[in-house]
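Report on the structure given below.
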Amino acid sequence: MLSSVRIIVTALALFTVAHSAPVDSGSGDLTHNLVFKNKCSQNIWLASSTTWDNTPLPANGGLLIPGETFTITVVDHWQGRFWGRTECNFQYLNSTTNAACATGDCGSGEEYCGYISGRPPATLAEFDFNGWDDLDYYDISLVDGYNLPISIQPQTKLPAQGDPYSCGSPTVEKNINSICPSPLQILDHNGEVVGCKSACNAFGSPQYCCAGAYNSSQTCQPSSYSKLFKSACPSCYSFAFDDATSTFTCKGDYTIQFC
């Protein structure tokens, strides 16, 4: 859950179309290519959130049609999160939710999120480039709930030295929407389950949100709901203090795949 803990961006994010050459930032910093692939059967509207700038994603609100690939180039020390939005119509706001997308909405019909983290539930791919020991830190977070399967695959391998979290590939292995408990479900206009809230989002109580007296690894323990998320994605963050089995490190470029 990197960006929800510390999301201080110190370098400009630069964006390119797929298969094009990396962009020169002009500052002499090294860059990282992030290749996004939509392997789902539905359209996805890619979203990102950093504290640096509202830099454009793909056209039409970040639209990635099934099978489409898009590459983003960021410089060292960039920090932020990415997610996919579903069933978006930026010409129409749902009168009940005041949202343009069924899941992952940026708020009030915004096509790009910029500094906004997005409306949960949404599966998050989080990055902190060139952090401690000059390593990239990355994870998939279900702390804000789930809407789409995501995997992160490093393109450059480092010696793993027996560590599964060194250049590992966190992957959502199951469709959590299909096993989502009723109190956590988000339904679209057709009554289909399109998202699964976290217990914190659904109930707001301190023990689920790891807040107040529960704001420590000793007092905040995984709930039956977060355990369900963890069983579907053992390599994902399932609650706030799930660092030990959820944080990966590597260096280089990465592929982020939906479905």
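Glycine is no exception: its Cβ is also placed from the backbone N, Cα and C atoms.
TrEMBL labels come from automatic prediction, so no person has curated them.
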Disulfide-bonded cysteine for Cys101 as listed in TrEMBL, from Cys88, Cys106, Cys113: Cys88
Candidate cysteine (Cys180, Cys209, Cys210, Cys220) that TrEMBL pairs with Cys196 in a disulfide: Cys180
Cys209, Cys210 - which one TrEMBL pairs with Cys200 by disulfide: Cys209
Cβ neighbours of Cys210 (disulfide bond) where a neighbour is any other Cβ within 10 Å: 18
Of Cys88, Cys101, Cys167, Cys196, Cys200, Cys250, i.e. the disulfide-bonded residues, those within 10 Å of Cys210 (disulfide bond) when Cα atoms are compared: Cys200
Densest Cβ neighbourhood among Cys88, Cys259 (disulfide-bonded residues), 10 Å radius: Cys88
Proximal but sequence-remote residues of the same chain as Cys180 (disulfide bond) (Cβ under 8 Å, at least 6 apart): Tyr146, Val193, Cys196
Cβ neighbours of Cys196 (disulfide bond) where a neighbour is any other Cβ within 10 Å: 29
